[in-house]
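According to TrEMBL, the feature transmembrane segment maps to 6-21, 33-52, 137-156, 176-195, 215-233, 407-426, 453-476, 497-519, 554-573. Taken from TrEMBL, the feature coiled coil applies to 254-281. Taken from TrEMBL, the feature region 'Disordered' covers 608-725. Residues annotated as compositional bias 'Basic and acidic residues' in TrEMBL: 613-635, 642-670. Residues or ranges marked as compositional bias 'Acidic residues' by TrEMBL: 671-683. Annotation source TrEMBL lists compositional bias 'Polar residues' at 690-705.
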Amino acid sequence: MSVAPLAVEVICVFCLAAYLLHKYGNIRRQHVLVTLATLVAWYFSMIIIFILPLDVSTTFYRICLGSIQPPVTPAAVLSPTTNATPHTNQSYTDAPSNVTGNDDQPLVRRDALFDTPTCQVPWSYVQEHVLPNMWHVVYWTSQILTWLILPFMQSYATSGDFTIQGKIKTALIENAIYYGSYLLIFGALLIYVAARPDLQIDGPRLKMIGITASNTWGLFLLVLLLGYGLVEVPRKCWTSSNREQLLAYTRFQVAKLSTDKSDAEETLEDVLEEVSKASEAVRYNHPHRKYMDTILRKVPEDMQGRLNRGMDDYEDYPDGRAASIPSGKDLVALHRKTIRAVTSQHRTQIQWDILMERAFGLEDIAESEKCADRRFRSTFPQHYTGILKHVCTPTVEWYWKCLVRPWVLKVLTVILAVFSFVVIWSEVTFFNKKPVLSLFAIFINVAAKNYDYFYIELASCLTITYLCVCVYFTVFRIRIFNYYYIAPYHQTDSNSLLFSGMLLCRLTPPLCLNFLGMIHLDKHVTGNEDQEIESAFTSIMGHMDVISFLSDGFYIYYPILVIVVALGTFFSVGNRCLGLLGFQQFIGDDDMTSDLIEEGKEMIKREKRKRQRVEDGEARRKSWRDRYGTTKDRASSLQNRDASDSDSAKYSRVKDKDDSAQVELLKDSEPLDYDDSLAENEEFDRAKYTRSQAGRSSRQATGSRWTGGRGYGSQAPPKGLFDDV
């Protein structure tokens, strides 16, 4: 018995959560409260996923001890033992009062009453009080985060108010509907319990009603998300193995996203026009000017030059009209519109860059497959450093991307498809205990009989992880959640980070409770009353016996709907229905889909030409600097040469005159290192191209931070805990 495995796992999970937050979030720029809340939410949710397998193996060990324990007899209690083992924490058994025997014989431990070597101790076994205490802290902290703190922080961050009191008031109003959905379920269950004469409402029952309301909300959403993800995750993997199909789908996404991107940019332009008018009306000496400055700080830097700063005194317009000064409520509404417009534009720009990178890579693979020398050729090559420079050669890259990776993805697709089938079958049949039809329950029970606790923990961890992947893949895939996105290279905004942490805390506990039902380790779900020992997680979550129609009906039969959702997803029923209604959906035999694919193909070509022009311009400027140096260096060298030749005769005077004119000319001019007709286009494209270049350098493990688009990441971070975000 050792706590080392548990301690190592807890530390590793924390490192994993911190690494993911560093990769997807921007710790240097986002608010410290957002960082802490997201880290705790991600960490505690992952703790449940990775520590629950240890609880499962410990539970099977305790079941083994309970199954082989014989009835306690006076002779057995008072008989001496020589094979007592110290590996359990069972308490000593008290001798009955009517037992007679040798009083100088010591009492024995309970685990010495049976053949203890037949029950092997799990390698990760810990004392019985450790896991319940951990589950208490993890579960209730995550519930407070998901129902109170994180939703409030979301509304607080996007609120347009300029004071702490105003932000708090707006956050409470916006979350009234959200909190009301939970209170509605809680109130209905409370009325049901109060109406039953055989039950009394006390503290434990109120706690159980609260847990039941949370689990009901989570399970209702969980089954719908899981049914979609169990089919779509293997299908996504299979599509990724087919380059032609993936390229067609990427072009379709580009054409579809271009509409959202154009709408977001137009909305931002309209909002900036309103901001400019308001800034012109609210002068520097107006009491509301500090609020106007807060709004201006939310505008991207490359757009702030077009705004009127309102630094002049009050004056009327030329036609005699007085400047209309917005009120405080108008500025609050404008502030909120600015935050939403900037966030939407930044989101679509990041998604656009990611899609373009994927499209360029797929087109490079298509061109490289035709090469007879089997060397990978990239339009925008990655410059590896260190050991990767010797490993990721063009030949190795060709074999991996053109030959090996498609087959690896196909094999992975088969594995995931089998896993999805096992999950769906177990969800549909886990309530049947005689005979046991749940495949997960059969596999886990066989491993428990063989005392293979490592396999139990590994299988449980992989299963729970796959369930989480399917659920959260669906969350960020369906259209209704398109406002939130998770982007690497520090490009995820604070609102999306809080939303992801809220969903993790809300869906992970009911998902794990559903998993315990699938492996028949929750007797109140499977109806196995012969099982007296339960997991520590189940003891903390409690049972739904107080609310019988949920414990005997909803929690047993509702998960069967997962097969209905899975079949509908497999046959693309939802996509076809949306396509008939006029929504753009990727359907291979549809004319609209073909048109969008061709449109996306042309957009990718235009974007590639823009980036190539920018790269060519940068290369020419670099070549000019390497050959002639900068303008300042050239002027300085000419001045030094003039000084060294100042002692010459009248030839020197003529030379000084000519060189001085040359120096002045160099000071006032720029080197013409590229065609002037392309200069304007290159300057227009450089801001967009910088993001992709920085992202590519981040993927080359240079450690540089991807700054993002349009000055979004250049704003100074808030310094106080309640400063404007």
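Glycine residues also receive a Cβ, built from the backbone N, Cα and C atoms like all the rest.
Remember, TrEMBL labels are computer predictions, not curated facts.
Averaged across the coiled coil (254-281), pLDDT for the predicted model comes to 91.
Contact between the transmembrane segment (215-233) and the transmembrane segment (33-52) is not supported: fewer than 3 Cβ pairs lie under 8 Å, counting only residues 6 or more apart in sequence. Each of 6-21, 453-476, 497-519, 554-573 was scored by its Cβ pairs under 8 Å to the transmembrane segment (33-52), and the highest score goes to 497-519. Long-range contacts of the transmembrane segment (137-156) within the same chain, counting only residues at least 6 positions beyond its ends with a Cβ under 8 Å from a Cβ of the stretch, are 33-34, 37, 40-41, 44-45, 47-48, 167-168, 170-172, 174-175, 178-179, 182, 214, 495, 498-499, 501-503, 505-506, 508-509, 540-541, 725. Within its own chain, the transmembrane segment (407-426) is flanked in space by residues 226, 230-231, 233-234, 237-238, 240-241, 437-441, 463, 466-467, 470, 518, 562-563, 566, which lie at least six positions past its ends and keep a Cβ under 8 Å from the stretch.
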